[in-house]
Amino acid sequence: MNRGFFNMLGRRPFPAPTAMWRPRRRRQAAPMPARNGLASQIQQLTTAVSALVIGQATRPQPPRPRPPPRQKKQAPKQPPKPKKPKTQEKKKKQPAKPKPGKRQRMALKLEADRLFDVKNEDGDVIGHALAMEGKVMKPLHVKGTIDHPVLSKLKFTKSSAYDMEFAQLPVNMRSEAFTYTSEHPEGFYNWHHGAVQYSGGRFTIPRGVGGRGDSGRPIMDNSGRVVAIVLGGADEGTRTALSVVTWNSKGKTIKTTPEGTEEWSAAPLVTAMCLLGNVSFPCDRPPTCYTREPSRALDILEENVNHEAYDTLLNAILRCGSSGRSKRSVIDDFTLTSPYLGTCSYCHHTVPCFSPVKIEQVWDEADDNTIRIQTSAQFGYDQSGAASANKYRYMSLKQDHTVKEGTMDDIKISTSGPCRRLSYKGYFLLAKCPPGDSVTVSIVSSNSATSCTLARKIKPKFVGREKYDLPPVHGKKIPCTVYDRLKETTAGYITMHRPRPHAYTSYLEESSGKVYAKPPSGKNITYECKCGDYKTGTVSTRTEITGCTAIKQCVAYKSDQTKWVFNSPDLIRHDDHTAQGKLHLPFKLIPSTCMVPVAHAPNVIHGFKHISLQLDTDHLTLLTTRRLGANPEPTTEWIVGKTVRNFTVDRDGLEYIWGNHEPVRVYAQESAPGDPHGWPHEIVQHYYHRHPVYTILAVASATVAMMIGVTVAVLCACKARRECLTPYALAPNAVIPTSLALLCCVRSANAETFTETMSYLWSNSQPFFWVQLCIPLAAFIVLMRCCSCCLPFLVVAGAYLAKVDAYEHATTVPNVPQIPYKALVERAGYAPLNLEITVMSSEVLPSTNQEYITCKFTTVVPSPKIKCCGSLECQPAAHADYTCKVFGGVYPFMWGGAQCFCDSENSQMSEAYVELSADCASDHAQAIKVHTAAMKVGLRIVYGNTTSFLDVYVNGVTPGTSKDLKVIAGPISASFTPFDHKVVIHRGLVYNYDFPEYGAMKPGAFGDIQATSLTSKDLIASTDIRLLKPSAKNVHVPYTQASSGFEMWKNNSGRPLQETAPFGCKIAVNPLRAVDCSYGNIPISIDIPNAAFIRTSDAPLVSTVKCEVSECTYSADFGGMATLQYVSDREGQCPVHSHSSTATLQESTVHVLEKGAVTVHFSTASPQANFIVSLCGKKTTCNAECKPPADHIVSTPHKNDQEFQAAISKTSWSWLFALFGGASSLLIIGLMIFACSMMLTSTRR
């Protein structure tokens, strides 16, 4: 479906949009023909109801509400079962809903007779279908039937690529259909739930607006035209990004799917069943609730703690079947829990103590210096456990140890300074804190003050490439992760349990050698004693325990099993409730955007093959560079203050990134001082800067050659003089011109003629005579044989070519994105056809296999098991890195006193294991193995006046098609991939890293905790947990453990491939790929349709053409200008092409007259650009003497490579030839001969 759903409809003009204030249905009701059957009744009913309910607000009459009796009279006119709609309508009008806004009213009015419900077999609405532009369209993932007697019987065409299906709309319904538009500038649009914002190429809505069941709804502009159809949504924090179908200006359908999108079709309701003992019940309708039977309700939750519908059961247990708002406002999941006292390491920054605000854990994974704190107190609840926004509750340290409450103003949080509290819920606080070495939570009231300090280093954090202490007011927004301040979000679960009852010494009294159980007023307590025999009992008044003489022989406690507490190691696990519950961990770590500073842009000074960056910043800013060739040579440096950095730039280019600025790519031009067409010293100066080594070698060679030539000439002259004068030295007074004597000594030599040679062979070797004579005859015979064999082939080929539908053209295109390759297709009998192939994009797509994911782990230390006067035994457990150990001779002591009546026969079973961190979903790394890579390119092909875009795999096999065009590309000349065999992906960044294999964990190293996915149950780990013997002062579980290998890897991961990849590759993920790598050449075979060619008789015929270059600057841009003067037989379009790789023309086709001139622009990298240009097939040569460019550095890559024959100017060659064989050489030789003659003709006696 290359044209989407509207191939035929895109060419007709859109009908004029209907005005919003004039209801279209009422205006057209009179002239419409009467419809027969059920469809007509439904249409009339829909029109009437819409006019009464919605159109009332738009009528041009006084805004009086319609009397209720008239609405009731209209209701019975609905099809059978009138009572059911009545009750439904009454139910809808009972809640006091806010009045719909203007955008909602408009959407509702337009959707009234154009949008249809899609229902499943049970009659539930699961999505929508809409009538638009002569078609009825429905999302493919909405599996149901359109609630319309006619539309439900239509045959739909499916398109899985766009997740849509469509059918032709009946003719009598087309006038009521929507129209669509491809124009959607940034701003706000309308849909069923209000406003939709379009920005950055995405449609977004506030979170919580819209959801399942909204698939298929339209998004409309203010004119009522559809700009998009909603398919689903992806939660992105405070807003939801919509997955939509839109259309471009050519009518082609475009599907936009944000990452993490969920389809918004309403799933069929499946009743989940939960268990209580052997009895099953629907999870959303438990047999009891917490307010009625707290203990039994907790039993139900604990038994179904691992059920997939646990959240549904938890909500049902809390709601108790009540629909009143007062109930929902005070009942919360933390109503099931209670605060507790825990052992704090530093109370008031000094000594350990039992604290009501013991800090259990601190998370600091957010990028905005926000921390999440878990304590033993509860925030947002009053003393009774009801939700109260301005209160908190805590376990009192006083003798009664009851739950107390206070105002949230008493809660203070600090690190190295005060923190700002952002949100709170249950055991958790969310605060933004300055850096520090510890975290302190304090309760400061007028009566008392208590605090707890946890040693935890809070490091200053920043995102981006510039360090800052405080986020700027103005700057740039980049992706980051923050804690969601909404209390309703969940980051996972925390484990809860009902602890063993705490024994309080205050419940026992010793008097006169007797022990008494002394319960608080109106409370029951249970005592256990070992006074010879084991004794136990439950009393409500002061009672003597017979046989006991000391308090240490007994323990007494209150039994309350109606509350959960956090599974803290400071509490004792209950023997009867080993099952655990779980509650949601609030304040999820979510992706967001953070404001970061942007350093002052560098002052860039361009030089010859180098740039200087003058940098000035008042905070640490990162500067990274890499070369865009085969050897990237990446550099990284943090800079502060004023400084200058110099970098060499070559033809391949250099990329530098300064702070949070966008990457900048620069390329060196072959600019140089001097003039390649000037005097010798200017030529030497020019080439010395461009090619210093070769220039030095050439000048040195020329100098040496001249010195050798002069030296040899002088020596030869001396020797000739000596040799010639020697014979006359014996003849006294001889005067003879020596030059004449030398000339006489030279013998003449002439080659024999053909006749003399043949006569000699006939006389001396007749066989060779005949062989010599047969050579021309043999050549003639071979030539005739070849012609006789080729003639039938040429005849058959010519007949076959006349029948084919396409002409195949093969060429090789450089794999350099955005650089066009141009060719001229010359076909016998047809006019030349210009062909331009541009690699718009390229992707190296490796096949990958995810080995595992890893992230920061959380150590879970459950409440220990205590056995008084006995021993325990460890049992195996299905947890990652599970460690268990039993310690004997312990003396458990808590804030209520001793918990056992034995001194040393007690035992404690300590356990510990690890889990994925609650923030692992937002901060984890993928360990991936990379295998064979495939390559895909996006091509832009222009032939004649036709432009086509297509994607094709570069494997030499798989064809790519676009309309009548067929292309086969590859294989590429050189295989390349920037990825090693093992890579790690973390937050969109890719690292080549040799990670450990799955199952080969090492404590403190990358991969110390591994899972195949974030939701899998196959978690394995090795963190070297070692349990230690607890001390007697309090109940606790001491242990040691290796630090997180994931955190250590993050701090030493090095630079990602995005900054170090060769060939200028851009690395992307989801899927893993390398984009726009400039390397290699791609062979391409293209079948050009016959319709693209023009017969020679129909094309202009250029008889003469002449090229004159008016201006030429060799550079990366089109710096040359040439004028082609021509004579043609007719007016028309002519292809113009450069047949030399020395120059590339900017134009592909020009308009010619019968006689005239056209100007073309060309790009060359050579100072002497001599290239052949053809106009309508007529060729001529352009000779250009190009000047060096003024700009040393440019931002565009070169379009041509320099060739040897064009690298040296014609003037340089002239000077070089003149040096060795021109007039100067002749002059030197003449002078030498003259000198020799003078010496030889001189007389000596």
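Each Cβ is built from the backbone N, Cα and C atoms, and glycine gets one as well.
What Swiss-Prot lists as active site, charge relay system is His141 (among others). According to its DSSP assignment, His141 (active site, charge relay system) is coil.
Among the features that Swiss-Prot reports, active site, charge relay system is placed at Asp163 (among others), with the record citing experimental evidence. For Asp163 (active site, charge relay system), the count of additional Cβ atoms within 10 Å of its Cβ stands at 20 [all protein chains shown].
What Swiss-Prot lists as active site, charge relay system is Ser215 (among others), and the listing cites experimental evidence. Look at Ser215 (active site, charge relay system): DSSP puts it in coil. Taking Cβ-Cβ distances under 8 Å and a sequence separation of 6 or more, the neighbours of Ser215 (active site, charge relay system) in its chain are Ile126, Gly127, His128, Pro139, His141, Val142, Val230, Leu231, Gly232, Glu263, Trp264, Ser265.
Positions annotated as compositional bias 'Polar residues' by Swiss-Prot: 38-49.
Marked as disulfide bond by Swiss-Prot on the basis of experimental evidence: Cys283-Cys289 (among others). Applying an 8 A CB threshold to same-chain residues 6+ apart, the list for Cys283 (disulfide bond) reads Thr271, Ala272, Met273, Cys274, Asn304, His307, Ala309, Thr312, Leu313, Ala316.
The disulfide bond feature in Swiss-Prot is assigned to Cys529-Cys554 (among others); the stated evidence is similarity to another entry. Cβ-based neighbour count (10 Å, all protein chains) for Cys529 (disulfide bond) stands at 24.
In the three-state DSSP scheme, Cys548 (disulfide bond) falls into the coil class. Residues or ranges marked as disulfide bond in Swiss-Prot (evidence: similarity to another entry): Cys531-Cys548 (among others).
Residues annotated as disulfide bond in Swiss-Prot, with similarity to another entry given as evidence: Cys724-Cys745 (among others).
The 10 Å shell around the Cβ of Cys920 (disulfide bond) contains 24 further Cβ atoms across the protein chains shown. Look at Cys920 (disulfide bond): DSSP puts it in coil. What Swiss-Prot lists as disulfide bond is Cys855-Cys920 (among others).
DSSP assigns Cys868 (disulfide bond) to coil in the three-state reduction, placing it in neither a helix nor a strand. The Cβ of Cys868 (disulfide bond) lies under 8 Å from the Cβ of Gln899, Cys900, Phe901, Cys902, Glu905, Asn906, each of which sits 6+ residues away along the same chain. Residues or ranges marked as disulfide bond in Swiss-Prot: Cys868-Cys900 (among others).
Cys902 (disulfide bond) falls outside any helix or strand according to DSSP and counts as coil. Neighbour density for Cys902 (disulfide bond): within 10 A of its CB lie 15 other CB atoms from the protein chains shown. If you look up Swiss-Prot, you'll see Cys869-Cys902 (among others) marked as disulfide bond.
What Swiss-Prot lists as disulfide bond is Cys874-Cys884 (among others). There are 18 other CB atoms within 10 A of the CB of Cys884 (disulfide bond), with all protein chains counted.
According to DSSP, Cys1077 (disulfide bond) is assigned to coil rather than to any helix or strand. The number of other Cβ atoms within 10 Å of the Cβ belonging to Cys1077 (disulfide bond), over all protein chains shown, comes to 24. Residues annotated as disulfide bond in Swiss-Prot, with experimental evidence given as evidence: Cys1065-Cys1077 (among others).
Residues or ranges marked as disulfide bond in Swiss-Prot: Cys1107-Cys1182 (among others). DSSP assigns Cys1182 (disulfide bond) to a strand segment in the three-state reduction.
Per Swiss-Prot, disulfide bond is recorded for Cys1112-Cys1186 (among others), and the stated evidence type is experimental evidence. The Cβ of Cys1112 (disulfide bond) lies under 8 Å from the Cβ of Gly1119, Gly1120, Met1121, Thr1164, Ala1169, Ala1184, Glu1185, Cys1186, Lys1187, each of which sits 6+ residues away along the same chain.
Cys1176 (disulfide bond) carries neither a helix nor a strand DSSP state and counts as coil. Here Swiss-Prot flags Cys1134-Cys1176 (among others) as disulfide bond.
Distance between Cα atoms for Asp163 (active site, charge relay system) and Cys920 (disulfide bond): 31 Å, as a whole number. By the criterion of other Cβ atoms within 10 Å of the residue's own Cβ, the least surrounded of the disulfide-bonded residues Cys289, Cys1065 is Cys289. Here the C-alpha separation of Cys1077 (disulfide bond) and Cys884 (disulfide bond) works out to 54 Å. Listed in sequence order, Ala831, Pro832, Ala1099, Pro1100, Leu1101, Val1102, Ser1128, Cys1134, Pro1135, Val1152 are the same-chain residues six or more apart from Cys1176 (disulfide bond) with CB atoms under 8 A from its CB. For Cys920 (disulfide bond), the spatially nearest entry among the disulfide-bonded residues Cys289, Cys529, Cys531, Cys1107 is Cys289, judged by CA separation. Across the structure, Cys869 (disulfide bond) and Cys554 (disulfide bond) are spaced 12 Å apart at their Cα atoms. Looking at Cys855 (disulfide bond) and Cys554 (disulfide bond), their Cα atoms lie 48 Å from each other. The secondary structure of Cys855 (disulfide bond), as reduced to three states from DSSP, is extended strand. Under DSSP, residues within the region 'Dimerization of the capsid protein' (185-195) fall into helix, strand and coil as 0 helix, 7 strand, 4 coil.
In space, Cys1107 is the closest of the disulfide-bonded residues Cys548, Cys884, Cys1107 to Cys1065 (disulfide bond), judged by Cα positions.
The Cβ of Cys855 (disulfide bond) has 23 other Cβ atoms within 10 Å, all protein chains considered.
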